[in-house]
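A.B. asks: Feature table excerpt (TrEMBL):
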BINDING   C:118, C:121, C:122, C:123  Fe(3+) binding site
DOMAIN    C:30-207  domain 'Nitrile hydratase alpha/Thiocyanate hydrolase gamma'
């Protein structure tokens, strides 16, 4: 059973790499990708912490509800660990 | 008064938009040079790709609609190089005026004349 | 279709057509490029030779590199397994200079079709395939590929049956993606070079299918 995670709903301003359309959506971890420097610090010329990065898979039904073209199609995105919470 | 849900203009996934136009074009020399400056200055530690993206995002939607891709990139590269202290705004401004005096086209202005 | 910019009449003294971008009125942003390049060179941060070499390196990258990788994977099951395990290493094994690119290959099968987008900017496996096509960077593609991939695919002439699962990949962070298209039927006797000629750029982005012989 793949690990289920939810993307945080927060909407801070500034440079983040978590798309708005995924905020608050639940998916499963497709694979861990390892630690990568946090872009939210790199973008401002700050020393960057390493964050674990994950490929998270969402169903189109989860993202778009009734409006999904095909509910079982999927969307994969890379999300940093500090944007995810366990479900 | 204004309010927002916080979504920024560049964060386009899932928005309504028209048909995809499959046009493509080759790049001009000056655009290739912008690309090379991006890669080389990034590799030398003057900025990160996230620093460039931050500058591009902060330019706003107007820049996305009105400027070409490499126009936005040279603006972002310059913004990051200024922030890194690589050269000053006065040096840039002075040099851009000198370049305008070299001639009316890119072909004439692209290299410093010697002698 | 690529189109050129030779919309001026007449030839340069060397006998070549003028490029519109080089003899059109100099723009503010072109002056900025020249100024940034010159200042960085004069201050010793860059050399003109480095700039020229970087342009040559980027010009040398093209979808043909990816096509060779795909053709190898179609021909050599052990290579295909390595490609799916670690696509960056598999490309380096073939001799491609991809720098620090972190590449993931996603495989199309009879049941699954993969498609790549970058909704936040225009991330693309440029160190293997060269620069992205213009449409990949447009508001239309970036907005719609994640919500209505099937409609977008139809605009590219790809009409997939409902039974095929579409997997869209949004390049949001440090990975870049290449689609390993399914090998077309009727190619059993073809060698790698012939197979590579079937692999289009769009088939490696997932907005197209390989040519059939």
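From the backbone N, Cα and C atoms, a Cβ is placed for every residue, glycine too.
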A.B. asks: Around the C-beta of residue C:123 (Fe(3+) binding site), how many further C-beta atoms are within 10 angstroms, looking at every protein chain?
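C.D. replies: A 10 Å sphere around the Cβ of residue C:123 (Fe(3+) binding site) contains 24 other Cβ atoms.
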A.B. asks: For residue C:122 (Fe(3+) binding site), what residues in its own chain, 6 or more apart in sequence, show a Cβ-Cβ distance under 8 Å?
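C.D. replies: Looking at Cβ-Cβ distances below 8 Å from residue C:122 (Fe(3+) binding site), excluding near sequence neighbours, one finds C:132, C:136, C:137, C:142.
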A.B. asks: Checking interface proximity: list the binding-site residues among C:118, C:121, C:123 whose CB sits under 8 Å from a chain B CB, in sequence order.
C.D. replies: C:121
A.B. asks: Just to verify: the residue among C:118, C:121 with the fewest other Cβ atoms within 10 Å, which of the binding-site residues is it?
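C.D. replies: Fewest other Cβ atoms within 10 Å, among the binding-site residues C:118, C:121, is found for C:121.
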A.B. asks: Need the DSSP three-state call for residue C:123 (Fe(3+) binding site) to compare against my parser.
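C.D. replies: Where residue C:123 (Fe(3+) binding site) sits, the three-state DSSP reduction gives coil.
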A.B. asks: So what's the mean pLDDT when you look at the domain 'Nitrile hydratase alpha/Thiocyanate hydrolase gamma' (C:30-207)?
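C.D. replies: Here the mean pLDDT over the domain 'Nitrile hydratase alpha/Thiocyanate hydrolase gamma' (C:30-207) amounts to 97.
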